[in-house]
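Undergrad: Have a look at this one.
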């Protein structure tokens with residue numbers, strides 16, 4: 001006779017700290033390319049986001065006399081994800097305010113890690129898009145971005161970067177056009193797929209290089225931190241729904257156009273690094289697929305029908321709110337269960 005021990009029976013060496021550490025490592029190639037592409041301002045924005053996120057969480061827990069949780073790496077990841085969702089040109093107060101909103105309003109006031117109803121970094125990004133629309137939409141390629149690190153200490157480059165952080169772009173720096181690929185698609189232009197894949201265009205710090213994003217995503221998939229179900233379904237559904245909507249509108253749909261939609265904006269980084277958030281995404285396989293399809297539909301509606309050229313952040317937050325319903329619909333029926341007489345239909 002065998003004795004069955006008390007559940008749980010499945011054990012894993014993974015912890016919140018190690019999982020968050022893996023996510024942070026996966027974000028490194030994205031951030032490295034962003035800093036290479038946009039220079040010291042991108043590094044400043046990233047540092048501000050990370051330091052502010054950790055400090056806001058620490059201060060909140062000290063003031064409310066809660067256990068200190070900053071060493072679980074979740075605040076670090078929130079800061080990194082917020083950073084990749086910001087333009088490198090934003091003034092210093094935008095990363096700080098965004099970090100405060102993400103940590104205090106979205107995360108800690110709802111009970112901390114595991115209790116938040118939407119992704120903290122995306123909640124902060126949407127807050128910043130509403131509050132500072134002009135600053136969040138400034139993708140001009142300032143000349144200071146092209147300065148190599150050896151040049152930063154010459155000709156006042158450090159001063160220029162500080163002026164940029166202070167928001168004084170009109171007095172300190174020269175800029176050239178930096179329209180995002182989605183804006184160019186909206187104008188009917190055909191885009192160079194190689195440039196999109198490598199990241200030779202304007203945009204937020206972490207959304208420009210599809211190659212860097214896929215390297216980070218591959219790490220998460222290999223480590224089994226995430227599965228392909230949500231990001232794969234999300235990306236394919238977005239492209240499919242965009243094609244359907246365009247065809248219904250009578251537009252011409254080309255392979256170049258559909259690939260450009262997939263590689264542009266925040267779709268890839270959102271699919272692999274934000275839609276897969278453990279807390280705000282479904283846990284069942286069927287639920288994850290349904291979640292990905294809904295994400296694709298909402299994103300396509302924003303991009304093609306709505307006034308927003310992007311829509312990824314809003315789509316993920318909207319679908320975050322639908323996760324309880326998705327899980328209720330897709331929860332697997334226990335093997336051998338029978339509905340009792342008199343149960344509500």
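Cβ coordinates come from backbone N, Cα and C, glycine included.
Okay, so TrEMBL annotates it like this:
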- 180: FMN phosphoryl threonine (MOD_RES)
- 19-36: transmembrane segment (TRANSMEM)
- 42-60: transmembrane segment (TRANSMEM)
- 92-110: transmembrane segment (TRANSMEM)
- 122-142: transmembrane segment (TRANSMEM)
- 196-221: transmembrane segment (TRANSMEM)
- 233-249: transmembrane segment (TRANSMEM)
- 255-276: transmembrane segment (TRANSMEM)
- 288-306: transmembrane segment (TRANSMEM)
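Surface or core, plus neighbours and distances: that's what I need for these features.
TA: Of all Cβ atoms in the protein chains displayed, 21 besides its own lie within 10 Å of the Cβ of residue 180 (FMN phosphoryl threonine).
Away from its own ends, the transmembrane segment (19-36) comes close to residues 42-43, 46, 72-74, 76-77, 80-81, 83-84, 88, 199, 205-206, 208-209, 211-213, 215-217, 219-220, 223, 225, 269, 273, 278 of its chain (Cβ-Cβ under 8 Å, at least six residues beyond either end).
Nonlocal intrachain contacts for the transmembrane segment (233-249), taken as residues 6+ away from its ends with a CB within less than 8 angstroms of a stretch CB, comprise 257-258, 261-262, 267-268, 270-271, 275, 288-289, 291-293, 295-297, 299-301, 303-305.
Remote same-chain partners of the transmembrane segment (255-276), defined as residues 6 or more beyond its termini with a Cβ less than 8 Å from a stretch Cβ, comprise 23, 26-27, 30, 81, 84-85, 119, 121-122, 180-182, 185, 190-191, 193, 196-197, 203-204, 206-207, 210, 213-214, 216-217, 220, 226, 230-231, 234-235, 238-239, 242-243, 246, 291-292, 295, 299, 303, 309-310, 312-313, 315-316, 319.
Through the fold, the transmembrane segment (288-306) approaches residues 182, 227, 229-242, 245-246, 249, 261, 267, 271, 275, 281-282, 312, 314-316, 318-319, 322-323, 326, 329-330 of its own chain, all at least 6 residues removed from its boundaries and within a Cβ separation under 8 Å.
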Undergrad: May I ask for the residues of the chain that lie six or more residues beyond the transmembrane segment (196-221) and have a Cβ under 8 Å from a Cβ within it?
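TA: Sequence-distant neighbours of the transmembrane segment (196-221): 22-23, 25-35, 37-38, 42, 45-46, 83-88, 139-141, 178-181, 227-228, 231, 259-260, 263-266, 268-269, 272-273, 276.
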Undergrad: Using Cβ atoms and a strict cutoff of less than 8 Å, what residues sit near the transmembrane segment (92-110) while being 6 or more residues removed from its termini?
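TA: For the transmembrane segment (92-110), the sequence-distant neighbours (Cβ-Cβ under 8 Å, at least 6 residues beyond its ends) are 44-45, 48-49, 52-53, 56-57, 60-61, 64, 75, 78-79, 82-83, 86, 116-121, 123-125, 127-128, 131-132, 135-136, 165-167.
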